[in-house]
């Protein structure tokens with residue numbers, strides 16, 4: 001009896017702690033609501049960089065190689081004594097696939113907010129999310145209640161779980177194929 005009483009009180013205490021909101025929780029929500037999408041700012045900053053063209057040196061910036069028609073070029077390094085030279089190259093399997101498929105039109109970039117980027121607010125334009133890797137992002141909304149009890153929507157362009165799983169599986173397959181045939 002004492003054992004079950006102890007665990008029931010313990011369970012109620014944990015349940016109360018989980019369901020109660022503190023002032024810190026409310027401040028975090030206000031900060032999230034007031035700040036624009038942090039991830040979109042990072043993405044905008046990274047888009048501003050210029051990429052290194054194919055067959056050019058990439059020793060100082062190994063992740064800055066440009067994209068080919070479909071796949072991103074890789075920085076391949078060769079050690080010559082103590083010095084190391086790196087050049088942006090295209091993997092053999094990527095070259096074969098790109099030559100087989102041919103020209104693929106480039107994905108349209110968001111110009112003048114024609115589409116809503118990932119993790120940005122899409123509450124007013126729910127059908128205008130940009131395209132991700134393979135699939136188009138979808139606008140997902142959550143109900144938020146402020147201190148006055150008024151309901152507002154918090155919406156953002158996100159990738160559904162099933163799309164993330166498919167893209168992840170394709171990334172792994174691409175890596176496995178690249179490790180076997182690309183070197």
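Every residue gets a Cβ built from N, Cα and C, even glycine.
According to Swiss-Prot, the protein carries these features:
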type     : residues : note
DISULFID : 51-66    : disulfide bond
DISULFID : 58-75    : disulfide bond
DISULFID : 65-88    : disulfide bond
DISULFID : 77-86    : disulfide bond
DISULFID : 115-130  : disulfide bond
DISULFID : 122-139  : disulfide bond
DISULFID : 129-157  : disulfide bond
DISULFID : 141-155  : disulfide bond
MOD_RES  : 181      : tryptophan amide
REGION   : 164-177  : region 'Predicted alpha-helix'
SIGNAL   : 1-20     : signal peptide
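Projection of Swiss-Prot feature records onto the structure.
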| residue | record | Cβ neighbours (10 Å) |
| --- | --- | --- |
| 51 | disulfide bond | 16 |
| 65 | disulfide bond | 23 |
| 66 | disulfide bond | 13 |
| 75 | disulfide bond | 17 |
| 77 | disulfide bond | 12 |
| 86 | disulfide bond | 19 |
| 129 | disulfide bond | 23 |
| 130 | disulfide bond | 18 |
| 139 | disulfide bond | 19 |
| 141 | disulfide bond | 13 |
Nearest-integer angstrom distance between the alpha carbons (Cα) of residue 66 (disulfide bond) and residue 130 (disulfide bond):
21
How big is the Cα-to-Cα gap, in Å, between residue 139 (disulfide bond) and residue 157 (disulfide bond)?
4
C-beta crowding around residue 157 (disulfide bond), within 10 angstroms:
25
Can you give the mean pLDDT for the region 'Predicted alpha-helix' (164-177), rounded to a whole number?
83
Between 58, 115, which of the disulfide-bonded residues has the fewest other CB atoms within 10 angstroms in the structure shown?
115
Cα within 10 Å of residue 115 (disulfide bond) - qualifying disulfide-bonded residues among 51, 77, 88, 129, 141:
129
Near residue 155 (disulfide bond), meaning Cα within 10 Å, which of 51, 65, 75, 88, 122, 129 (disulfide-bonded residues)?
122
